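Asks: Before I ask anything, let me first share the structure, which is written out below as structure tokens.
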Amino acid sequence: QPLAKRCRLQPRDAAKMPESAWKFLFYLGSWSYSAYLLFGTDYPFFHDPPSVFYGLALPRLDPRDIAAAYLLQGSFYGHSIYATVYMDTWRKDSVVMLVHHVVTLVLIVSSYAFRYHNVGILVLFLHDISDVQLEFTKLNIYFKSRGGAHHRLHALAADLGCLSFGFSWGGALKGRGLWFWFRLYWFPLKVLYATCHCSLLAVPDIPFYFFFNALLLLLTLMNLYWFLYILAFAAKVLTGQYILAFAAKVLTGQVREPKDLREYDAPEAHSPKPSKAEKPLRNGLVKDKRF
């Protein structure tokens, strides 16, 4: 909030900026660290997914670098459950987001407790990258009109972010795109293949087989749910499947920013004046606490 006031953001943008800034910094750091573990060390989990179960029957020895990643992620998702209910702006998919955070936290705690942490690093790497791109674009959208003036650098970054979403989301219709590639292609190909098939070959009586695979499949269903928002966005801003048409609209100023389809429309929005039973939130917004 002090940064939002110093930069003189619009009231609506100032309310959303702390959430996006925090998430951008966290996802950037966590994804960079998981990428380091998978590509900068001797762990072969990405290129050889069945290796996540090698040595599972040996005496327990938890690597400290993976333990550090788990501590960081567990703390974040524990906080995210509280923040989704009491701090963040309430959106149409907030219930699904809350379920996602609970499922993720259960997966983090239980996978570390039962020595599935190698799989967990792979799951975190495949999910965090798309959130980095999303939050960076949103931040530049908020900052481009700060102080009532138009700032070209932030506007350019926001436009490039819009284009990247246009290309990646539109490309997903043809089997490409950041979200589709990481969450809906590599995730089933590497994670689900390893946990559903290779785990039984490596450890025939592997414990908690159905429990962990049920949670991972639920995570896949939520990824499909949010992918529908991607397709809905693409249907609104693209002319057919021609990405260049969307690029032209952005460059000519016809499309300044993507509409967040998760936001409530004006008639559905919650009243900005808190009732006696409600307390203002730190970000200046008041939410109906009913789910």
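Positions of Cβ are set from backbone N, Cα and C atoms, glycine also.
A TrEMBL annotation is a machine prediction, not a hand-curated record.
TrEMBL lists these features:
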type: DOMAIN; residues: 15-239; note: domain 'TLC'
type: REGION; residues: 263-291; note: region 'Disordered'
type: TRANSMEM; residues: 21-46; note: transmembrane segment
type: TRANSMEM; residues: 66-87; note: transmembrane segment
type: TRANSMEM; residues: 94-114; note: transmembrane segment
type: TRANSMEM; residues: 184-203; note: transmembrane segment
type: TRANSMEM; residues: 209-234; note: transmembrane segment
Asks: Please average pLDDT over the domain 'TLC' (15-239) for the predicted structure.
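Replies: 81, rounded to a whole number.
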Asks: Thinking of Cβ pairs under 8 Å, which stretch from 21-46, 66-87, 94-114, 209-234 has the most of them with the transmembrane segment (184-203)?
Replies: 209-234
Asks: Residues sitting near the transmembrane segment (94-114): Cβ under 8 Å, six or more positions beyond its termini, same chain?
Replies: 62, 67, 70, 73-74, 77-78, 80-81, 84-85, 88, 120, 123, 207-208, 211-212, 215-216, 218-219, 222, 225-226, 262, 291
